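Working notes, beginning with the structure itself.
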Amino acid sequence: MADDGAGNRPVQAKDQTALMVQGLTLRYNDVLALDGASAQFPIGSMTAIIGPNGAGKSTFLKSVLGLVAAEGTVLAFDGPVAQAMARIAYVPQRAAVDWSFPVRVIDVVLMGCYRKTGLLGRIDRRMTAHAMAALARVGMQDFARRQIGALSGGQQQRVFLARALAQGADLFLLDEPFAGVDAATEAAIISVLKSLRNDGATIVAVHHDLTTVAAYFDRVLLMNRRTVAEGPVAATFTRAALAQAYGPALMLDPTGKLGEEPSERPAA
Amino acid sequence: MIWQALMLQAGYNAALVSLGAALLGAAAGAAGAFLTLRRRALMSDAMAHATLPGIGLAFLAMVALGGDGRFLPGLMLGAALTAAAGLWAVQRLARQMHEDAATGAVLASFYGAGIVILTLIQGLGTGRPAGLETVLLGSTAGMLRADALVIGFGGLAVTCALWALRRPLAMVAFDPLHARMMGVSPRRMDAALMALVLAVVLVGLNVTGLILIVALLVTPAVTARMWSTTVIGTAMLSALIGAVCGYTGAAISAGVPDLPTGPVIVLLAAAVFALTLLIRGQRDG
């Protein structure tokens, strides 16, 4: 099971870096949210960012994108991240979105095409077909005309993944994509992410469920405001590293019976 | 008389005023839709009240320069300056307190200052101040043809600008972080929206007056929101409601002596809202 994800990794792009983060530091008033966090994300890899609550995982993603102003160096595809924004898709936490907003599923996905349509550009049939194809990839094509608030949590998460797909990005940053979603959605999302990775895209996801890390991802970044450990799952996702990130109170054996126990998912 | 005004038969000027009010209503409805979706409705109220000291100061300045104190473009310029100052004050104060508290403090302070200046002007007895108080509640009676044209074309320009910006405005209101990922600056879009709302407030000074313009910005928007599932649908329906209320209100006000225009328009918009609540209220809970 643990080798499943790593075995699919394409070899041709092994040494190139999609994202390089060096000394990311962010202070909210007197609280240090990020304390010199550093990491590298190779092209074609799929990384889980794990760590305890308040470890700054979501803040890390937002800081990488410049959505909050942190100190440090971030290079995306060997250049400033601001110049690579068109190649990066960001899927926010579900809780961060106003679900009562008057917008249909297809409109949300079309928002991912904005760089192609532009300010005054018309949304033509080709653009709509492109958005519909993205919806079909996450199994939501039959819901295109529904209001976003009428969907279940898992369906909403899939629509946001479809918006990221419509962007045509090479680097996907996802903030807890599996939080509060049903098992069918979790399977659909992971299958889309793995196929993206197999096509050479780079996936970075904040992840909570330690029991599925080895099955879903090929790399981990363990962090607690700073980087505790990073690297391939087999070498990095160890009891010692987890204890260092979460504190000694955490009693679990991630190298033991992975995939045999029912996975614990956060309640919806 | 009201019927004649509605049918555009109450004279060329009355017809022009009604059409101008319709275009203002459309602009207010459309701008209000984006404003409420962005959750900035009260900002327009602070902005409107902050125009009053500017109107008083502009009147004084124009009289001092030997001109007509009620020259509308001059009053609008003064109103724009203090409204922008009010907006800046809200943004600045919002760093230290919640935005609603900042809005309340700025709204009351600027309005108070405006009332003091207007009272002083009445006491001076120069520059024909009679009628200056119509900026509070609006009056289309005796409106000049040039004023009606300014209102109509101003409303049209704002509506066109909102149509052009509809997609980035919707994106910023729905998901500002995603907007930034798409290269759209929420700060710039907010500034553009505020500028367009300010234009509506200024153009509406003579029609609804500054106290009630917020009702024309917000009421059609929340009404339309209950009927539509899209941003563009909400904005277009809101514009239609605003246009009908503006047109009808101006016509009724023209037909009934001494009836201020603003309250009539706002009551019509409130009636449409109440009707919508009766029909749609139970659906979404």
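In case you wondered, yes, glycine gets a Cβ from its N, Cα and C as well.
Predicted automatically and left uncurated, TrEMBL annotations should be read as such.
Worth saying up front: this structure is predicted, and the values here are computed from it rather than measured.
The transmembrane segment annotation in TrEMBL covers B:12-35 (among others).
Proximity of distant same-chain residues to the transmembrane segment (B:47-65), defined by a Cβ-Cβ separation under 8 Å and at least 6 residues beyond the stretch ends, is recorded for 71, 74-75, 77-83, 85-87, 89, 106-108, 110-111, 113-115, 117-118, 120-121, 126-127, 129, 132, 135-136, 194, 197-198, 201-202, 205, 210-211, 213-214. The annotation transmembrane segment is assigned in TrEMBL to B:47-65 (among others).
According to TrEMBL, the transmembrane segment annotation covers B:71-90 (among others). A Cβ distance under 8 Å defines the sequence-distant neighbours of the transmembrane segment (B:71-90), meaning residues of its chain 6+ beyond its ends; these are 43, 46-59, 61-62, 99, 102-103, 106-107, 110, 114, 135, 144, 146-147, 150, 194, 198, 201-203, 205-206, 210.
Beyond the transmembrane segment (B:102-124), the same-chain residues lying 6 or more positions past its ends with a Cβ under 8 Å from any Cβ of the stretch are 42-43, 45-46, 49-57, 59-60, 82, 85-86, 89-90, 93-94, 96, 132-133. Among the features that TrEMBL reports, transmembrane segment is placed at B:102-124 (among others).
Marked as transmembrane segment by TrEMBL: B:144-165 (among others).
Residues or ranges marked as transmembrane segment by TrEMBL: B:191-218 (among others).
Look at TrEMBL and you will find B:224-247 (among others) tagged as transmembrane segment.
For the transmembrane segment (B:259-279), the residues of the chain that approach it from at least six positions outside its boundaries are 21, 25, 134, 137-140, 207-209, 211-213, 215-216, 219-220, 222-223, 226-227, 241-242, 244-246, 248-250, 252-253, judged by C-beta separation under 8 angstroms. Positions annotated as transmembrane segment by TrEMBL: B:259-279 (among others).
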I need to check the long-range neighbours of the transmembrane segment (B:224-247): which residues 6 or more away from its ends have a CB within less than 8 Å of a CB in the stretch?
18-19, 21-30, 32-34, 36-37, 159, 162, 166, 170, 173-174, 207, 216, 265-266, 268-269, 272, 276-277, 280-281, 284
